[in-house]
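Okay, so here's the structure we're looking at.
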């Protein structure tokens with residue numbers, strides 16, 4: 001960099017720090033600037049890998065959307081359970097008034113420590129979320145769902161009244177307020193959203209999400225979750241095969257997909273994922289119908305291996321650690337050549 005430019009930049013930085021406080025602006029190469037992204041695991045190893053950073057990023061807004069009964073709430077409850085396992089505090093803003101505590105407990109959520117709110121209006125729900133975020137004491141806030149955030153004016157009006165754009169304006173205003181507080185408090189905020197059909201679309205995708213366009217822009221990660229099949233035990237359906245597409249990702253490459261199984265009354269099948277990912281990454285060896293790990297046979301057929309891993313959690317943990325290390329090894333933010341040159345010059 002030119003000497004005069006360097007001096008001018010130095011003076012500008014000094015003025016900004018004097019006016020707005022130290023740390024108002026910093027180089028990404030500085031020790032104080034966070035380059036390694038702090039994440040909360042999703043409960044699905046395949047999805048953690050697809051996200052590219054090992055989980056959902058803290059200090060960001062995440063949108064999870066999909067058709068009815070596709071696993072949206074299950075996925076957020078898995079995230080809450082993972083946050084609680086590491087001592088984190090989670091809040092669930094239940095605008096749909098449909099949270100099933102029995103199912104949440106089966107997934108692994110500690111109900112005694114879970115903060116739950118069932119607000120009457122959309123304004124109340126978003127205000128509660130904002131206060132929780134600003135407190136800095138909550139690690140995960142889930143809003144279920146955007147479609148249920150009904151503006152006060154709509155609730156007080158008559159059935160059949162037109163309230164064009166009210167919800168979109170509410171979301172836009174709330175997200176403007178929330179964004180800076182979310183970053184400052186390093187809180188993960190998850191919005192669950194529903195799908196609607198655009199009328200008269202002849203070409204392209206007719207699907208859209210509720211609540212206007214603001215959430216699409218403010219979200220750092222957007223996940224599209226769908227059922228891809230049924231899991232059967234004989235004639236009985238015991239779960240869903242689920243596919244998640246990362247349609248937007250500001251912290252890693254987007255458009256990756258993750259496939260996993262959601263078992264009824266149990267949540268995401270961790271053992272099933274470990275078998276598939278272990279084979280894909282050459283950590284678990286498959287020969288015919290037999291599976292081996294570390295030179296030892298661990299079962300014949302996927303169902304038997306799943307039972308073995310449930311009975312031997314230390315083996316499951318070792319396979320998971322090996323898969324994470326291999327699949328996420330390349331996730332690093334390297335400084336640019338120009339920044340490296342500036343650091344060498346001592347500026």
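Each Cβ is built from the backbone N, Cα and C atoms, and glycine gets one as well.
Note that the coordinates shown come from a computational prediction; the quantities given were computed from them, not determined experimentally.
The annotation ATP binding site is assigned in Swiss-Prot to 66, 67, 68, 69, 70, 71, 72, 73. Under the three-state DSSP scheme, residue 71 (ATP binding site) falls in the coil class.
Cβ environment of residue 70 (ATP binding site): 225, 226, 227, 240, 242 lie under 8 Å away, each six or more residues apart in the same chain. Other residues of the chain with a Cβ within 8 Å of the Cβ centroid of 66, 67, 68, 69, 70, 71, 72, 73, the ATP site, are 225, 227.
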